[in-house]
Structure formats: structure tokens, C-alpha cells
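Data block below; observations after.
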Amino acid sequence: MQLLGNQARYLCCVFLAAFGRGTQLLAAIYFLYLDTGDLHPAALLVAAHALALAGCSLVLRSNALAERLDARGVVAAAILCHGAVSATIALLAFGQDLTRDGLLALYALHGAISSVGMPASLSLRHAVARQDRAVHGQALPKGLTGLGRALGALAGGLIVDRYGIAVAFAVPLLTLLPALAAALSIRLPAVHGPTGGPSPEAGQGRLLWSGLAAIRRNPAMRSAAVIFVAFNVFAAPVHRLLPDIAQKLGSSASALGALTASLLVGGLLLVPLAEALGQRMALHRLMLLSLLGQALLLILLGLYLDQASPSPAVVPLLLGLLGFLLAYPAAVVLAVLQSHSPHPARRGVLTAYTNLGLVAPVSGVGLALLADAFEIQPVMLACGSALLCLALLQSGRIRSLSIASGS
């Protein structure tokens, strides 16, 4: 019973933190869009958070830190630090002193804090799942994170429209204390990060380069990495175009929240559907179909949004399907990399996978700048066409994808 309590407490902490982040990010994106009328400031905000997280992980050697300290204490400290940053944003918003540059800097600080808190949270997740012996001990937190972010975005849009942006910025403070209490109430012996593989003292930089070298040497992993980068450049940054799409549907924060939630909920469908699909079709065929589906949906969205009055019901449906198609290749690429990497090199390969994912927020800034200059419809058509050509040209690489036996 105690062990089930540990699992429930950890999942409660994960969900509450994700809900607060989802609400705050929706408010931040809407604030920047209202302030400038452009997409690229919000894209810069997301990129600043992601790059600060990755950069501080390299500099601070946060994985090594997670291996030395009790994960519960690190997670609790990270929650408090996130709360301090969120309180600063909310106070500035209530005082009408919040600026674009100030918000970007504070979100970069959020990323720096996450660089320390995330490895500790993952260590805690592994410990709780191992103690509980739950079949879905690893999958549940990821699903709840997506659900929390989706519901947070939906709630954030409604709160902004009804009570104002400042109130939405204050929502993470309401989830702070329950999340902190849930983290501190987990009853386990001191939890430290996993050991084995390359020494954490070597630093994230050496892990990254060793992982990239391992990927380059293995044809299956190399193919998976090329595909991963391709859809992160052309399809994943569609999130950064959502404020303009919401503008076409009614120009409200609620519309933006609904569109954001549609993309995120579509990704959640991966958990129940992926295994069923995998039993009916070969992996490489599913991967090719998902990439072609992404490309065609981007083209269809670009053409549909060119209409004078697109339907508020059709667009979220298309985005939900796109969200599922975006989540599937990411999961397949991760499975391929994990199965083909020898155990001593696996930490380096997973570090490389994480850092390759940074092309999405960086590409998002470029696509947002193009959309600001040329409208979103031609940008979506161009991205869909480029991804379609790449999927067809890389069909040979895609056929080589497989999960290594015995992994």
C-alpha cells in the first residue's frame, strides 16, 4: 500500500507541475503575440528555455549532480525555484511592468532550473516505478505530463479571456504547494541517479560527442537520426504557428488554448494505439506513413487556412491527428536508438537524441520569422512539401529501420 502511495504521490507531483507549466506557457505566448502581433517572440521564448536547459546541463553536469544528491530534495528545491520565477512573472504582470525581454530572460531561467531538476525527477521516476513494479511505471508519468500540459493550456486560455493574463501567470503558484507536498511525501530510501556506462565526471559534452559517434557508426541509428532531425525541422515547429491559426478562428486566448490542447492530446493517443498498430504493420511502413501523413496534413492545413472562414471544429481535429503523427516517429526513433546502442554507449546515445531534438525550437524561430514575413499558409505548404520530398527520398533509409532483437 505504501508503495502504491509512492507512485500516486509522484504522479500527482508530475501532473500538477505540468498543469501549471501549460497554463503559464499559454499565457506567455498570448502575451507576446498581443504585445507584438508577431510569432517569432513566442518562438524565441520556447527556444530560450530549451537552449538554457541544454546549455546548463552541459555546464553544470546536472546528471552527475543527480547521482550525488537525494533526488527528492533536488526535485523539491527545483519546484521552489520555479515557484520563485513564476511569482516574479505574476507580480510583474499584475503591476503591468512585464516586458518582452524580461519574460524571455525569466523563461531562460526556468530552463536553467529544469536542467538540474529534470535528471533528479527522472531518477525519482525510475526508483518509484522499480519499487512499485508497475508495468506502466515509466509510461504513466509521460502521459500525465502531456495531459497536464493540455489541460493547463485549455484552462489558461479560458482564464486569460475571463480574468486576464496576470491571473493565468499566477496559476503555477496554486499548484506549487500541492506538488511540493507530493514530492516530499514520497517515502523511499535516498534516491540517486543510475550508475554505469560513461562516468558522469566526464561531463555531458563528452557524453554528447560519444553518442553522436556511436550513431554515425551504426546504419540503423544513423537513419533514425536523419529522420528525427527532418521532422523536427519541418513538422514539429507547427506549435509556433498556433497563435496565427487561432487569430483566424476568433483571435482569443481560448482558441489558442484549444488548438494547443488538440496537438498535445493527439500525441497522447500514441500510448493506446501504438502497440495495436505495431502488431498489424511493419515498423518501417508505419514510419513512412506517419511522415507522409505529417507532410500531407501540413499541406492540407495550409490550403484550408487560406479560406476566408475556416471551421473552428475542423482545425482542432486536423491538429489532433497531426499531434499523433508527430509523436509516433519520435517514439520509434528513440526505440531504435535504445535497441541498437550497446549498453556502455547508451547514455551517450540518449544524450545525443535529446540534443538533436533542439533543432525543433531553433527551427521554430526560423519558421515563425518566415510566417511573420509571408503569412503562415505558404510556410505550412513549403514545410509540408519539403517533408514530403524528404520522406520519399529517404524511403530507402526508412526501410532499414528495425528494433534490434534481444534489446
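Including glycine, each Cβ sits where the backbone N, Cα and C put it.
Caution: TrEMBL annotation is automatic and unverified by curators.
As the structure is a computational prediction, the values presented were derived from the model and not from experiment.
Residues 39, 41-42, 45-46, 75, 79, 82, 86, 89, 93, 98, 100, 103, 107, 121, 125, 141, 144-153, 155-157, 159-160, 165, 168-169, 171-176, 178-179, 182-183, 242-243, 253, 256-257, 260 of the same chain lie 6 or more positions beyond the ends of the transmembrane segment (12-33) yet place their CB under 8 Å from a CB of it. Under the heading transmembrane segment, TrEMBL lists 12-33 (among others).
Sequence annotations record features per position, and here TrEMBL assigns transmembrane segment to 39-61 (among others). Proximity of distant same-chain residues to the transmembrane segment (39-61), defined by a Cβ-Cβ separation under 8 Å and at least 6 residues beyond the stretch ends, is recorded for 25, 28-29, 32-33, 100, 103-105, 107-112, 114-116, 118-119, 200-201, 203-205, 208, 237, 239-241, 243-244, 354-355, 358, 361-362, 364-365, 367-369, 371-372, 376.
Per TrEMBL, the feature transmembrane segment maps to 73-94 (among others). Long-range Cβ contacts of the transmembrane segment (73-94) within its own chain (Cβ-Cβ under 8 Å, at least 6 residues beyond either end) map to 13, 17, 20, 24, 28, 31, 65-66, 102-103, 106, 109-110, 113-114, 116-117, 120-121, 124, 165-166, 169-170, 172-173, 176, 179-180, 183-184.
For the transmembrane segment (165-186), the list of distant contacts is 6, 9-10, 12-13, 16-17, 19-21, 23-24, 26-28, 30-31, 72, 75-76, 79-80, 82-83, 86-87, 89-90, 93-94, 124, 128, 152, 155-156, 159, 253: same-chain residues at least six beyond its ends, Cβ to Cβ under 8 Å. According to TrEMBL, the feature transmembrane segment maps to 165-186 (among others).
The annotation transmembrane segment is assigned in TrEMBL to 224-242 (among others).
Same-chain residues lying 6+ beyond the ends of the transmembrane segment (254-274) with a Cβ under 8 Å from its Cβ atoms: 22, 26, 29-30, 33, 139, 143, 146-147, 149-151, 153-158, 160-161, 238-239, 242-243, 245-246, 312, 315-317, 319-328, 331. The transmembrane segment annotation in TrEMBL covers 254-274 (among others).
Annotation comment: TrEMBL describes 286-305 (among others) as transmembrane segment.
Per TrEMBL, the feature transmembrane segment maps to 317-337 (among others).
Note on the transmembrane segment (349-370): residues 38-40, 42-44, 46-47, 49-51, 54, 204, 207-208, 211-212, 214-215, 221, 225, 228-229, 232-234, 236-237, 239-241, 333-334, 337-338, 341, 379, 383 of its chain, located 6 or more positions outside it, place their CB under 8 angstroms from a CB of the stretch. What TrEMBL lists as transmembrane segment is 349-370 (among others).
Feature annotation from TrEMBL assigns transmembrane segment to 376-393 (among others).
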Same-chain residue ranges lying at least 6 outside the transmembrane segment (376-393) that approach it to Cβ under 8 Å: 39, 230-231, 234-235, 238, 241, 244-245, 288, 291-292, 294-303, 305-306, 367, 370
Distant-in-sequence neighbours of the transmembrane segment (317-337), which means Cβ under 8 A and at least six residues beyond its ends: 215, 220-221, 224-225, 227-228, 231, 235-236, 238, 259, 262-270, 273-274, 283, 286-287, 290-291, 293-294, 297-298, 300-301, 304, 349-350, 353, 401-403
